[in-house]
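Some features that TrEMBL has for this protein:
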type	residues	note
REGION	1-37	region 'Disordered'
COMPBIAS	10-22	compositional bias 'Pro residues'
TRANSMEM	46-63	transmembrane segment
TRANSMEM	70-89	transmembrane segment
TRANSMEM	129-147	transmembrane segment
TRANSMEM	159-176	transmembrane segment
TRANSMEM	182-205	transmembrane segment
TRANSMEM	258-284	transmembrane segment
TRANSMEM	304-322	transmembrane segment
TRANSMEM	352-372	transmembrane segment
TRANSMEM	384-401	transmembrane segment
TRANSMEM	413-437	transmembrane segment
TRANSMEM	443-463	transmembrane segment
Amino acid sequence: MSSQSTKESQPPPPAPPPPTTMPPTSQHLPTTTAATTTTTTRKLTLIPLIFLIYFEVAGGPYGEEPAVQAAGPLFAILGFLIFPFIWSIPEALITAELSTAFPGNGGFVIWADKAFGPFFGSLMGTWKFLSGVINIAAFPALCIDYLKRLFPIFSSGLPRTLAILISTLMFSFLNFTGLSIVGYFAVGLGIVSLAPFVLMSLIAIPQIKPHRWISLGQKGVKKDWNLFFNTLFWNLNFWDNVSTMAGEVENPKKTFPVALFSAVIFTCLGYIIPLVAVTGAVTVDQSEWETGFMADAARMISGNWLKIWIEIGAVLSGIGLFEAQLSSSAYQLDGMADLAFLPKFFSLRSKWFNTPWVGILVSTVFALAVSYMSYTDIVSSANFLYSLGMILEFSSFLWLRKKYPQMKRPYKVPLKLPALIVMCLIPSVFLVFIMAIATKTVYLVSGLMTVGGIAWFLLMKVCKSKGWLKFQRVVVDDEELES
């Protein structure tokens, strides 16, 4: 455990940095608030971390079906083959470099703060937190939607409301028991939820007719490129979310790159293999390729027993997605407290499990509030805010590379600055496209959320100057950063 000191109310004045070695605020790099408790906790190791990243991003091939509905089998297969190189790999590379350079809870919030200062760090925190908790809210409802096929009582009314409430609280309690437990739980969920797709793909082999793969879709069916690209974006996103838990990972400077690259391969294979198997083995009306069609395809290929297994797997996948993303949101708030963007209260940890219980509670309350709303536009707004955050993230990465080329980076993307600009520019163009096709309601909601984030930053600034709330900024010595 590294030695650390804190100062309340005001962050320490920055010391003049060497011009090309470390960023101006590296001497107060937040690592973790674990030193504030005597509880000994286990750090995340490689295998649980791989599965947590997997559930941050995918959780299985559930949800890839609309790509076929939107553009036909060929474009769907090409999309899941090509899009990882445009989006997933660049995002994973950036996450690997910056998470190892700044291995503290808070992740992308730290990066924006180091690159552009506290205002942009706080704004990044607002954008990513709001988009994260809205995503969290979807997963208990998704689980109930699958369960209602077996138990119709959960279709509507009080039973559905209580089911969402109870499941959300139960899932949150599991998160409270510790990140290591959540990580190993994710391993189990991943194996059980992926197994039926492996079986389905193997059983489908004799039924595959390769000419079906090159189908451009049914004649007369107009391609929905908006749905197509949003499906790819949704299913291959959020690689950077795990960065908010970097302070909880065992030997993050070595573990993070291996975990990220393993998860990229694991996730992409998890999408493409079932997609190739089903599109090659099954011929149905293109309109039937809605979310959940994989379960119907399993029945056609093998029988009802496999369909039921995939539906159970969908519930388990939803639990894994909930746990992984709740962990990210909770540790993000913990990291923001270490950066003094939030009051010290947000860094409080459980005496039993050393988990950031305030962050878990706040994230759960936000998710519950959203889960009972009709939130189509709010979800679109969350994607809009996430896109803004990603553009800021790419900018932070490039600016830190330019301004501090000699800064110690345990893992470094093996490209020079001009190539890195191209690497970031391509996904940024896609993000601008996603934002450009948004509705007026999305612009309004996103604008209000952004204004709220700016108002929060100003409020916290006043609270610091007036001493109304206690703040801390976790500090470590430069020598420890170099070890």
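We number each residue from 1, going along the chain as drawn.
Cβ coordinates are placed from backbone N, Cα and C, and glycine is handled just like the others.
Curation does not apply to TrEMBL; its annotations are automatic.
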Exercise. Other than its close neighbours in sequence, what residues sit by the transmembrane segment (304-322), given a CB gap under 8 Å and a spacing of at least six beyond its ends?
Worked result: 51, 55-56, 59-60, 62, 136, 139-140, 142-143, 146-147, 149-150, 168, 171, 185-186, 189-190, 192-197, 199-200, 203, 292, 294-296, 298
Exercise. By Cβ distance under 8 Å, which residues at least 6 away from the ends of the transmembrane segment (70-89) in the same chain are close to it?
Worked result: 57, 64, 212-218, 221, 223-225, 227-228, 231-233, 235-237, 239, 264, 267-268, 271-272, 275-276, 279, 286, 426-427, 430
Seminar exercise, completed: Among 46-63, 129-147, 159-176, 258-284, 443-463, the most Cβ pairs under 8 Å with the transmembrane segment (182-205) come from 46-63
Problem set entry | Positions whose Cβ lies under 8 angstroms from the transmembrane segment (159-176), at least six residues beyond its ends | 139-141, 143-144, 147-148, 153, 182, 185, 319, 322-323, 326-327, 330, 350, 353, 355, 357, 360-361, 364, 367-368, 371-372
Exercise. Between 129-147, 258-284, 413-437, who has the most Cβ pairs under 8 Å to the transmembrane segment (46-63)?
Worked result: 258-284
